[in-house]
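Only one structure is covered here, and it is reproduced in the block below.
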Amino acid sequence: MGCFGCSKKSSKRSETNKDTVINRKIVGGTTSVAKSDKRDDQTQPSSDSTKVSPYRDVNNEGGVGKEDQLSLDVKGLNLNDQVTGKKAQTFTFQELAEATGNFRSDCFLGEGGFGKVFKGTIEKLDQVVAIKQLDRNGVQGIREFVVEVLTLSLADHPNLVKLIGFCAEGDQRLLVYEYMPQGSLEDHLHVLPSGKKPLDWNTRMKIAAGAARGLEYLHDRMTPPVIYRDLKCSNILLGEDYQPKLSDFGLAKVGPSGDKTHVSTRVMGTYGYCAPDYAMTGQLTFKSDIYSFGVVLLELITGRKAIDNTKTRKDQNLVGWARPLFKDRRNFPKMVDPLLQGQYPVRGLYQALAISAMCVQEQPTMRPVVSDVVLALNFLASSKYDPNSPSSSSGKNPSFHRDRDDEEKRPHLVKETECEGSS
């Protein structure tokens, strides 16, 4: 979705925008929406459950014009009916144009695969919002729009961005979200303005734990469970007090059910975050998201990008750079973001790096389940580091604020990482 919290137009997203999809094909053709007099009223937040066709070409013999076909897509999906009674509202295009001053350039926040994002104010709600407008020539389209609306209309969690409403009018497709004043995690890690204070260790662990809880909700709490498939720094938005929320659910898929272990699908996602097993086989699992989360956790710890083309070839891929260093704890201090200036707890660093190493294991069966990741990161986030304490430094005795009893309460994954310290 890009940055919700920026206040001026910027070209800083050009690199991120280019890597929205892997091996993605823009499908054309004349397939129309499958319609039936009797529809299953059960809404599922996945492209599996929404049979949406690409646009029909207006020049096709007997075809339907693009504007008409887009309207038919929504009607055939009963989109408005499916979100009735949910928290999402429907808006007219005129309402959203007025909210953004007719999409003025000074309201522009950012741009992603879906389209441009604008800041606006919905007068009748007296609420500042972020409005994402579908680029009809972009890499994402009606399918992703529908999946996003269905997913967020069904979801309700403090670590998922709130969908306020949508517009499906003529050929216009827009999504209206709560406004996230601190922008994206990417803004604070990789495009930090000169003079702006970098995220401290405690805030980084807070963001990691919150993002993990959002992922846990998708995997373990939603019915049916959902595979996110697009977890990355630019999709983690930050609210007041840096409360993290996952955003951009257009690529989400319903997870495997019963005795199935995976969902076979086209490979889509972002290079650098995509699990190698999924990229090679097209077999999507919940562990695919765990890999992506491990990359994000590495970014939080190191301050490096998932893919950085300014580095030497062998160091461009963050996971490829980190794997040899995971093998020896003595390398761990070399991996820390220099912007932290040594202000981090050594034990907390070891544990966080070991968790990320487990998440980015080559073999998906070796990666932890999300509930274990949440337990471990909740523990690290609650173990506050005080840089002003006499015993606080990146030396031998890092200072944690916690009860003595916490030693017995440490989750299994944290204890395991202390023993191993590497993958």
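Indices start at 1 and increase along the chain as displayed.
Each residue, glycine too, has its Cβ placed from N, Cα and C.
What Swiss-Prot records for 1-66 (among others) is region 'Disordered'.
The N-myristoyl glycine annotation in Swiss-Prot covers Gly2 and is backed by similarity to another entry.
Summarising the annotation, Swiss-Prot assigns compositional bias 'Polar residues' to 43-52.
Mean predicted confidence for the domain 'Protein kinase' (103-380): the pLDDT average there is 93. Annotation source Swiss-Prot lists domain 'Protein kinase' at 103-380.
Per Swiss-Prot, the feature ATP binding site maps to Leu109, Gly110, Glu111, Gly112, Gly113, Phe114, Gly115, Lys116, Val117, Lys132; the stated evidence is sequence analysis. Residue density at Glu111 (ATP binding site): 23 other Cβ atoms are found within 10 A of its Cβ, drawing on all protein chains shown. According to DSSP, Glu111 (ATP binding site) is assigned to a strand segment.
Per Swiss-Prot, phosphotyrosine is recorded for Tyr177 (among others), and the stated evidence type is similarity to another entry. Under DSSP, Tyr177 (phosphotyrosine) is assigned to a strand (E or B) in the three-state scheme.
The active site, proton acceptor annotation in Swiss-Prot covers Asp230. Around Asp230 (active site, proton acceptor), a 10 Å sphere centred on its CB holds 25 further CB atoms from the protein chains shown.
The phosphoserine annotation in Swiss-Prot covers Ser234 (among others) and rests on similarity to another entry. Counting every protein chain shown, 27 other Cβ atoms lie within 10 Å of the Cβ of Ser234 (phosphoserine).
Annotated phosphoserine per Swiss-Prot: Ser264 (among others), in sequence order, evidence recorded as similarity to another entry. Its Cβ placed at the centre, Ser264 (phosphoserine) has 10 other Cβ atoms within 10 Å. Secondary structure from DSSP puts Ser264 (phosphoserine) in a beta strand.
Taken from Swiss-Prot, the feature phosphotyrosine covers Tyr278 (among others). Taking the Cβ of Tyr278 (phosphotyrosine) as centre and 10 Å as the limit, one finds 26 other Cβ atoms among all the protein chains shown.
The region 'Disordered' annotation in Swiss-Prot covers 383-423 (among others).
The compositional bias 'Low complexity' feature in Swiss-Prot is assigned to 383-398.
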Q: Let me know how many other Cβ atoms fall within 10 Å of the Cβ of Tyr177 (phosphotyrosine).
A: 23
Q: According to DSSP, folded down to helix, strand and coil, what is Tyr278 (phosphotyrosine)?
A: helix
Q: Report the nearest neighbour of Gly115 (ATP binding site) in space among the modified residues Tyr177, Ser264, Tyr278, comparing Cα positions.
A: Tyr177
Q.
Around the C-beta of Leu109 (ATP binding site), how many further C-beta atoms are within 10 angstroms, looking at every protein chain?
A. 27
